[in-house]
Amino acid sequence: MAILLRRSRLLFLIAAVILYFTGRTLLTFNEETYSLAGVQVLRSGIDWATVRQANPVDSIRSLPTGDPHDLPRVQHVFTTGGPTGISKDELEARREKVRATFLRGWKSYRKLAWMSDELAPVSGTPKTTFGGWAATAVDALDTLWIMGLNHEFTEATHAIARIDWSKTRDSSLNVFETTIRHLGGLLSAYDLSYHPALLAKAIELGDMLYMAFDTPNRMPPFWLNFNHALKGSQTAGESEASAAVGTLSMEFTRLSQITGNDKYFDAIDRVKDVLQKTQNQTVLPGMWPIEINFRSEKATSRYFTLGGRADSLYEYLPKMHMLLGGLDPAYKEMAIASLDTAKDNLLFRPMVRNSPPVLFSGRVVVPFRNDSERDLTAEGEHLTCFTGGMFSLAGKLFSRDDYLDCGEQLTRGCAWAYESFPTGLMPERFQMKPCKTKNLGPCEFDDEKDTEDALDRDDNLPEGFTWVKDSRYILRPEAIESIFYAYRITGKEEYLDIAWKMFKAIEAATETPLANSAIADVKATGTTRKLDSMESFWFSETLKYFYLIFSPPDVISLDDYIFNTEAHPFRRPKPELRVQRARSLNTPPKVSETMEPPFNLFTTLRYDVKLESLHNNPAFTHAGWNYRRASPCYMLDFHRDRMLRASTYWHWDAATATLSGDAGLARLETVILQGVTAEGKDEEPLRVRVVVNEEGDLSVGLGAETEKTLEDLYPSGLAAPEELAGRTPTYTVVLDDVRTVKSEYTHYKTTRREMYNGARERAGIKLGDPKEVLLAAEDGAVMEGSTVTPYFWRGGRWVTPPVRERWGLEGDSGGQDGTTRRWTLERGYAVEEVVQASSIVDGELVWLSNGAKGFILAKFDARKSS
């Protein structure tokens, strides 16, 4: 592999000569590693931040100041129970099928092409397509996090931290692709995990990409030529794809927001000025052509589209409005002007029997003979399927019902196109017969005209299509992207079935023994011809959108995150979260600097040597951790995961490093076993309290615990009330007479326990009493017990209050995600559902569980509840 700058004498001399004649300096030539949160980070061979630019700006522009505006809500207000027309079990099954497809491909990539850009999914060979900087690993990093693949995420983070951006076989990098895939992927993974190693690599890469703006007018070229950058001889392009330069804004803005370094925002804000200046100077005012002369800052081309070479320029306008919290009115103005122009000139309805409510986006040429003419070609592209989501998002942001209507019809158009072909997939490019009605109204099907047109139509094409220019399907995400937006914005459950049908068609047509492959012809019947190609967007976009549409709506909510064009979610600034916003837009402060009083994180679990007998015991295959490992620690992996979620939320980097990965799990078990052995109590059941502080130090405390059967700890199910006749409850449950305020300290398990201790004191409960108290929130909904998870019999099944993946998400009960609770839900013994305290009746049987006692049958006593 070639290296841009080695410590070899020859290249050192070459670099020295260049620097002598150009007066430019490089700071670092040596390879060096350093540690961040337990990850070894390799410094790249060139520190581009220290390279003096030939065309520096006089003054750096700052990010807009002030509190973010309270922008309109984007996402539909879903009921707490989620979709009503499809069961949670079915949604989970679909989600898990998507996850399994991802994992199958990921494992093949890990085995056969690790840290290469791509895996060829038929031949199993690695491919270098984007500089050799592990495009698939970086692009898929946030998907790993979202899918809960913690081991894979940790492994990838360690590997990505050792990427050297100065090592590549190429003399230039594609600024657009590297920005959306690599920089976007790193920023998103940091926004989700707060791992500092990912931010460090994002800054290194951002500094290299920032060099592309070192041109006389600060407009970047399509290719960053490293030699030209070092010599200071770069110039802007004269016929650049408008999307290539117009689609850098989100990533550079987010990098400035996170680091506090305004130089990245300054770079793209100057591009915004050129776009704003030229928008109404084109021959189709309101839109930019597919090519722009960024050197002269003129846009004279006559070809206009929302498809390839222009697409994401338009996509980023409403999204930048969101990312800047509405503080720069230019993006809203440009977005509305461009969408209005596109709606009036590019959208068309295909001529199809029964006139289904579908739209497509075509291509317009303004002829030289007359600037007022608009020659529409009804040419569709898979790339333009993103427009449904764009119009829908803009419709909510700008309160435009016409945009929402267009968005749904564009989305349905692509879904209809998928269903029209034998494979159930849509081709890359095709041509259609457009209706001639005004204002996108319905049109009557003309049988006579259709008969005439049939003479010019390719054989065996579905109705409405006249020509397929490119029959491939290359695993693109744009259709499911818009379906995801349509579902999250409208709440219409039909989109869930549309998505599932689409996913099954993709699986059937593209699956290979290793992963999934692009195919040659969507018109094929029977076995499809595989093209041995699997771009990184299959992992970063297509499968992510499929996974998210079948996930609870508050997972990566559109009111909390903004997706870049590679489906990397960035955190949104919001006025009601100013403290949290400051934490996420700058280097996260230590909790001790912002929270009083100080606290630690902890978990309480059972130590019991009987649990070792469950290892590979066929009667307890449902036992999870203790089935897989001969360990006396009850559900240890779930306890670790819960503490890790808390340390990540509080930005405790040292604690996160202590707990992360297989090493963290082994470290936790070792500390527990050492503590037990030191006390000489390794043969009796114990209650073990494990505490981790902000510095990552672990400590344990021990207490006696009651004997339990293995069935108490790992039941084969939770018996229904009618099956419990004759069984005596061993616990009494009462309701606290004071409502509890939901907070971070109720969602995560910390040593701040005053709300729980107060409830127990009011209920007269002492340590060891066979009694529990339920806490209810201010809205009257049950949160949890003071030390247990409760389960109530409702509608013929056991239910427990809902808990979201992070504090602050909609629909959260405010309680904790207990370890036994997670185990129960994963095995389908119970489901999440809001339980009003007023619905619990005297004498009602309730199951309780926690990580020290297992599962307990209890009875609710209304008389003892104040």
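Quick reminder: no glycine exception, Cβ is built from N, Cα and C everywhere.
Among CYS385, CYS633, the one TrEMBL lists as the disulfide partner of CYS414 is CYS385. In the three-state DSSP scheme, CYS414 (disulfide bond) falls into the helix class. Candidate active-site residues: ASP311, GLU428, GLU478. Fewest other C-beta atoms within 10 angstroms, GLU428. Cβ neighbour density within 10 Å is lowest for GLU177 among the recorded positions GLU177, CYS385, CYS414. Checked against CYS385 (disulfide bond), the active-site residues GLU177, ASP311, GLU478 differ in C-alpha distance, with GLU478 being the nearest. Among the recorded positions GLU428, GLU478, THR565, the ones whose Cα sits within 10 Å of the Cα of CYS414 (disulfide bond) are GLU478. The distance from the Cα of GLU177 (active site, proton donor) to the Cα of THR565 (Ca(2+) binding site) comes to 10 Å.
Rounded to a whole number, the C-alpha distance linking GLU478 (active site) with THR565 (Ca(2+) binding site) is 10 angstrom. A distance of 15 Å separates the Cα atom of GLU428 (active site, proton donor) from that of ASP311 (active site).
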